[in-house]
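Written below as structure tokens is the structure these notes are about.
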């Protein structure tokens, strides 16, 4: 589909509501205004007008807002019609607009896409719009707004600027060896490179926090039947989300709860008790349990403390530990401390965390909550943060790898050409976050800021 088309879409959620909004963007937005409203409203003023059908009959009446480009969200001419929120009324108005030549229904996200293509937003800001809408906590909403206002992009652009400056010196030393420029060996390049690496590490740490706010942590509660898995789910959720009985195998399918711990989203999954089951339904539930375990960020290995004194997961159930994916973090949860009399709290056993609690009474559950938060490195005191997506983390990781490779080339062999290439690749990875990378970016900067002939 062409970006020269004029697009229209409903900007408010489907269904009944007090107000329904249609948004139009493109070259023919002016024609839509003149056809449906009979006039072109004064720019950026609210105008109360009837919305007319082709035969002149009034379909609805409401507020019309006219934003001529480029001073609009998309950078194009934009018309916004705010009428009553009945689905029939909005559908009639939408059908009327679509009869105007050159107007079509917008694709999902196309208004934001046009804003990006017209340099009204960079890619990270455009993504932040969706993140702000989908935010599931106050902290996530604030961080998404920070990203929309350019906080993340500013950090990335600062790194790109520093890399551009560094590349100027490196490439000058390579291309003009007779000009007595010896930046490769006098320590300046190394010092600047170390500074960029340190700044990148700081951005990566913030991005990991932002990713946690957006993606959350997937925690699977697993163990034998009657270990108290469903009771723990209820304790973490603060409500009776799962049925709890003394009958082994009560939970036969996956149960999911979405909760927050001091702003960090947590996807808690209760699974069927793991055992050799003859019942077909229970067997399917156990298969699903293993599927969830394999995709988890952390497994809470639930142990009935009344059945064993062991604390090492390898001693408690070696077959279970052997089947777990390699490097999957495990927290052993010894349950029923109210019966065994064990001291509540957390400790370390052979590289695994061990939490003693009572899911039935709730004692020790706060210790587990804090452990989950700390195990993911979540900082509840983070101010002015931003949201980040998995692709952002990947791009930052790639940039960090290129910088470390470049540093190795600099210190190991004084290989300026290889260093320059790693710096270029690092800059490209960073610029992919904002969508601003072009291969010609560096050329103009070199000739405008560095006097070679001096």
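Any Cβ shown, glycine's included, is placed from N, Cα and C.
The (6S)-5-formyl-5,6,7,8-tetrahydrofolate binding site annotation in Swiss-Prot covers 23, 80, 120, 454. Residues or ranges marked as domain 'TrmE-type G' in Swiss-Prot: 216-377. Residues or ranges marked as GTP binding site in Swiss-Prot (evidence: sequence analysis): 226-231, 245-251, 270-273, 335-338, 358-360. Swiss-Prot lists 226, 245, 247, 250 with the feature K(+) binding site. Sequence annotations record features per position, and here Swiss-Prot assigns Mg(2+) binding site to 230, 251.
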Item to complete: Can you grab the distance from residue 272 (GTP binding site) over to residue 230 (Mg(2+) binding site)? Cα atoms, rounded to a whole Å.
Response: 9
Item to complete: Report, as a single number, how many Cβ atoms besides its own are within 10 Å of the Cβ of residue 358 (GTP binding site).
Response: 23
Worksheet item: What's the CA to CA span in angstrom from residue 226 (GTP binding site) over to residue 120 ((6S)-5-formyl-5,6,7,8-tetrahydrofolate binding site)?
Response: 57
Item to complete: Tell me the Cβ neighbour count for residue 272 (GTP binding site), meaning other Cβ atoms within 10 Å of its Cβ, over all protein chains shown.
Response: 27
Worksheet item: How many Å lie between the Cα of residue 229 (GTP binding site) and the Cα of residue 23 ((6S)-5-formyl-5,6,7,8-tetrahydrofolate binding site)?
Response: 49
Worksheet, complete the sentence: residue 230 (Mg(2+) binding site) to residue 80 ((6S)-5-formyl-5,6,7,8-tetrahydrofolate binding site), Cα to Cα, whole Å, comes out at 50
Worksheet, complete the sentence: On the domain 'TrmE-type G' (216-377), the mean of the pLDDT values is 85
Worksheet item: How many whole Å apart are the CA atoms of residue 358 (GTP binding site) and residue 80 ((6S)-5-formyl-5,6,7,8-tetrahydrofolate binding site)?
Response: 56
Discussion item. Roughly how many Å lie between the Cα atoms of residue 120 ((6S)-5-formyl-5,6,7,8-tetrahydrofolate binding site) and residue 336 (GTP binding site), rounded to a whole value?
Written reply: 57
Item to complete: For residue 23 ((6S)-5-formyl-5,6,7,8-tetrahydrofolate binding site) and residue 336 (GTP binding site), determine the Cα separation and express it in whole Å.
Response: 58
Worksheet item: Within 10 Å of the Cβ of residue 336 (GTP binding site), how many other Cβ atoms can be counted across all chains shown?
Response: 22
Worksheet item: For the binding-site residues listed here, 226, 230, which shows the highest count of neighbouring CB atoms within 10 A?
Response: 230
Worksheet entry | Residue pair residue 336 (GTP binding site), residue 80 ((6S)-5-formyl-5,6,7,8-tetrahydrofolate binding site) - Cα distance, angstrom, rounded | 60
